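Engineer: What TrEMBL shows for this protein is this:
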DOMAIN    20-140  domain 'Response regulatory'
MOD_RES   Asp70  4-aspartylphosphate
DOMAIN    162-227  domain 'HTH luxR-type'
Amino acid sequence: MAGAGAARRNLVPREEPRLRVALIEDAALFREGVASLLTGAGVDVVAQADNARGVTNLVRDTNPDLVIMDIRLPPKYQDEGLMAGLALRQARPSQALLFLSQYVESGYAVELLQDDPRALGYLLKQRVTNLNALMDAVRRVAAGGTVIDPEVATVLVGRRRRNNPLDRLTAREHEVLQLMAEGRSNQGIVDRLYLSPKTVETHVRCILRKLDISDEPDDHRRILAVLTYLRNLDHQP
């Protein structure tokens with residue numbers, strides 16, 4: 001009987017550890033509201049602050065799984081939160097960060113995501129009133145994922161489509177340009193993609209035209225095409 005009791009005890013599921021969150025937000029009522037939502041959802045709010053000063057020390061002392069931080073904080077209400085978050089990632093590269101913003105500021109999102117988008121989120125404050133959306137973002141970012149508010153993502157896609165010359169290329173032209181960037185000649189591309197030499201020449205010619213590269217010697221045009229590819233690669237989906 002004792003063995004049966006021990007077996008039953010072993011079947012009791014272990015409780016998952018509660019998420020620990022630090023909340024950095026200057027608007028007291030909003031901060032308290034978010035803290036209340038998180039606590040009600042089973043999250044431990046281990047630290048709160050109303051400005052970005054000393055954030056790195058605060059996080060070091062409380063060791064949260066996730067830091068939720070307003071992008072605009074005192075004293076100038078510009079990008080103090082963003083800069084503090086980036087500095088925090090320098091000190092703690094694996095620290096999960098979820099940024100909040102009142103407005104769609106795609107430039108901030110680009111700056112956040114350009115180095116390492118893991119365990120990063122950017123959410124509009126209006127989304128926080130939806131507990132399901134808030135907790136989904138909190139859990140995903142704390143687990144190492146990336147969360148971008150749908151409105152911000154829409155702006156980013158539109159911005160990329162307007163500004164990224166690589167979007168003019170077909171899927172096959174992307175493949176050809178990637179091989180050019182690897183240093184392959186036309187014959188090397190023929191061998192890799194099993195295309196005819198004439199087809200590869202046509203693709204290269206179309207790539208150069210779509211990237212607005214003309215009136216240069218052939219070798220120099222290829223170099224310019226590769227530079228365009230490398231400069232814009234980070235903005236590809």
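We count from 1, first residue shown onward.
Placed from the backbone N, Cα and C atoms, the Cβ positions cover glycine too.
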Engineer: Sequence gap of 6 or more, Cβ distance under 8 Å: name the residues on the same chain that satisfy this around the residue listed as '4-aspartylphosphate', in order along the sequence.
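Structural biologist: Within the chain, the residue listed as '4-aspartylphosphate' has Cβ neighbours under 8 Å at Ile24, Glu25, Asp26, Ala27, Gly81, Phe99, Leu100, Ser101.
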Engineer: By DSSP, what is the split of the domain 'HTH luxR-type' (162-227) into helix, strand and coil residues?
Structural biologist: 49 helix, 0 strand, 17 coil
Engineer: Suppose you look only at the domain 'HTH luxR-type' (162-227); what would the mean pLDDT be?
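Structural biologist: Mean pLDDT, the domain 'HTH luxR-type' (162-227): 84.
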